[in-house]
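Taken from TrEMBL, the feature transmembrane segment applies to 87-109, 130-154, 160-179, 191-209, 235-254, 275-298, 331-356, 368-389, 409-427, 439-457, 469-489.
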Amino acid sequence: MPPEDNQVPLLSDEESDQDVAYESGEKVHIVGIDEPDDEGLLGAPPFSWKKLWLFTGPGFLMSIAFLDPGNLEGDLQAGAIAGYSLLWLLMWATVIGLLVQLLSARLGVATGRHLAELCREEYPTWARMVLWVMAELALIGADIQEVIGSAIAIKILSNGALPLWAGVIITACDCFIFLFLENYGVRKLEAFFAVLIATMAVSFAWMFGETKPSGTELLLGVLIPKLSSKTIKQAVGVVGCIIMPHNVFLHSALVQSREIDHTKKGRVQEALNYYSIESAAALLISFIINLFVTTVFAKAFYGTEVASTIGLVNAGQYLQDKYGGGLFPILYIWAIGLLAAGQSSTITGTYAGQFIMGGFLNLKLKKWLRALITRSFAIVPTMIVALVFDTSEAALDVLNEWLNVLQSIQIPFALIPLLCLVSKEQIMGTFKIGSVLKTIAWLVAVLVILINGYLLFDFFSNEVTGVMFTSIVFAFTGAYIAFIFYLVSRGFTSSAWRRLSPAK
């Protein structure tokens with residue numbers, strides 16, 4: 001039996017001083033394939049399709065965050081309100097997301113540790129705890145959207161027999177599916193996610209075929225940048241949905257599921273090469289799926305009176321009213337795709353929560369207990385949301401706006417530590433990023449932070465009223481900006497100080 005198929009006990013008795021992303025027995029064995037003797041190997045070995053297949057998996061789990069219900073809602077609203085005009089932005093936002101995720105993978109492969117673990121070692125206790133709380137808040141906000149998305153799909157597929165709160169309970173049970181599959185090896189879990197991604201692809205491709213969007217307008221929308229004052233909010237939403245804070249932490253841990261000989265530079269470079277290929281392929285597929293959703297709603301509702309009122313809750317019904325039943329009602333096709341998106345993203349959210357909690361706090365807990373704690377953080381507030389907002393679509397849309405704001409606030413607290421760490425030679429060794437890539441990465445980070453800053457300013461300028469509430473928001477804003485400056489300054493001053501320090 002191949003090493004990656006070995007069963008790992010659900011309640012592991014293995015003990016170590018440090019919490020790790022994967023125990024040695026859980027990892028997929030890579031070293032030694034096709035090269036029985038690689039002594040003296042300096043560069044990466046020749047390309048191998050077999051090795052690419054063994055490295056394939058982490059990038060597709062990472063790509064789930066680009067296909068979660070929050071992204072689908074951003075897609076359908078961009079299509080309904082802006083038509084085909086923002087497809088170019090969707091493409092370049094995906095490219096930006098790929099750059100960030102490749103840096104995250106680079107950090108995990110080169111160091112053998114993930115972002116949360118490195119943050120624990122890099123920052124003082126107070127800063128580390130702030131980063132942990134921010135990462136947990138980002139995860140909770142994302143998980144609420146994902147679980148609600150699944151619950152909406154379940155409600156549609158049950159013809160309304162199961163209310164949102166019942167869908168939340170059903171979705172909450174997916175952590176046990178996750179534990180069951182993980183118990184039988186990483187590759188089994190990755191295969192399960194591949195099925196869910198394929199389900200999304202087939203569902204939304206079916207919708208694309210049913211509605212028949214214009215191929216010419218699609219191509220022009222991808223190639224020719226267009227932006228108007230009426231579509232600024234949707235444009236900001238497209239960019240804001242691409243970089244998910246918890247996903248940056250997740251990818252740096254997922255890449256450690258492969259057993260790599262870190263003592264050989266060629267093996268590390270080989271892993272980086274294969275992960276770059278599979279991550280690019282995974283995000284190309286996610287871009288195509290997002291493209292399907294955006295163009296379907298652009299064709300169906302752009303320029304109509306209902307365009308500004310479409311959300312996850314009523315999108316399927318609007319499609320059904322316009323395109324009818326057909327061989328298989330488009331309402332249920334939409335619901336199946338939405339369910340696959342919600343279920344896959346909630347499970348990866350549970351996965352990310354385990355790494356974040358274990359990395360920041362160095363907790364050595366049983367997997368079932370850590371998954372239960374992580375799941376409870378999101379399920380309890382989500383259940384409250386489901387009970388309160390079950391009968392109000394408008395209120396659910398308002399809540400979704402607040403959750404998007406919560407995600408936007410957290411982005412710098414994942415992005416800045418990542419860029420600081422991958423730039424440090426004492427952490428990355430010869431795999432630190434060069435000056436050109438570093439400049440590009442920081443420009444991208446500044447651009448993303450400014451875009452999300454615009455979203456925050458626009459949101460709070462409309463929502464904040466009253467002297468007390470305004471004072472509280474200003475106080476938090478001041479602390480928020482000060483902490484961002486601290487993270488940036490610490491990254492640069494730490495590097496400069498260590499360069500000037502004498503070698504020991």
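Glycine residues also receive a Cβ, built from the backbone N, Cα and C atoms like all the rest.
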*How about the transmembrane segment (275-298) and the transmembrane segment (409-427): at least 3 CB pairs under 8 Å, pairs 6 or more apart in sequence, or not?*
no
*When you check the transmembrane segment (368-389) against the transmembrane segment (235-254), do you get at least 3 Cβ pairs under 8 Å, counting only pairs 6 or more apart in sequence?*
no
_At a Cβ cut-off of 8 Å, and with pairs 6 or more apart in sequence only, do we get at least 3 pairs between the transmembrane segment (130-154) and the transmembrane segment (191-209), yes or no?_
no
_Need a quick answer: max count of Cβ pairs under 8 Å to the transmembrane segment (331-356), which of 160-179, 409-427, 439-457 is it?_
160-179
*Could you tell me whether the transmembrane segment (409-427) and the transmembrane segment (235-254) have 3+ CB pairs under 8 A, leaving out pairs under 6 positions apart?*
yes
_Which sequence-distant residues neighbour the transmembrane segment (87-109)? Criterion: at least 6 residues beyond either end, Cβ under 8 Å._
58-59, 62, 66, 75, 78, 115, 118, 218, 221-227, 235, 238-239, 241-243, 247-249, 251-256, 260, 268, 271-272, 275-276, 279-280, 283, 286-287, 290-291, 294-295, 415, 418-419, 421-422, 428, 431, 433, 440-441, 444, 447-448
*Between 160-179, 409-427, 469-489, who has the most Cβ pairs under 8 Å to the transmembrane segment (439-457)?*
409-427
